[in-house]
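These come from TrEMBL:
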type	residues	note
BINDING	Gly83, Gly84, Asn85, Pro86, Arg105	substrate binding site
BINDING	Asp106	Mg(2+) binding site
Amino acid sequence: MSALPLATAELCDANPHLILNGELRALHPTFQIYGRRQVFSGQVVTLKVFEDNVLVREFLEEKGNGRVLVVDGGGSMRCAILGGNPVQQAQNNGWSGIVVNGCIRDVDEINGCDIGVRALASHPMKANKKGIGEKHVSLNIAGTRICDREWLYADTDGILISRSELTI
């Protein structure tokens, strides 16, 4: 993670060649902003689940080392796959951010955490606990392919995915 947060608009303006060749991609603007950290970046860890949060919690119990967990929850609007306790743990374990293609809950608690969170919406119902999902797989969310170990940059303008770490 860079010392100073990089603005997504500046990254796009400085790297038109990376946009043209597909190495720098923007997610469709479908995500809501949660958490105190509106600007965050880091290397991506991917997870694919559906209405189940066991693996989400397991990842966030690990040391984050400035990484960003990207969770494809299938876009489900029927329950939350991320809540306040795991987000608090992610903050304490050094995760930079969490992006969820699905819903979260405990919004007030999450908004008090010093971490960046993006999700489609909030929902009061909790997820299943079966432990079903796929770790470190390629995802396709918000019109963009996201691979494990790529780089994510998020701010109030949007979310970018890059094959490599960027500087300006």
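Every residue gets a Cβ built from N, Cα and C, even glycine.
There are 23 other Cβ atoms within 10 Å of the Cβ belonging to Pro86 (substrate binding site).
Cβ neighbours within 10 Å of Asn85 (substrate binding site), excluding its own Cβ and spanning all shown chains: 13. Asp106 (Mg(2+) binding site) sits 5 Å from Gly84 (substrate binding site), taking the CA atoms of both as reference points.
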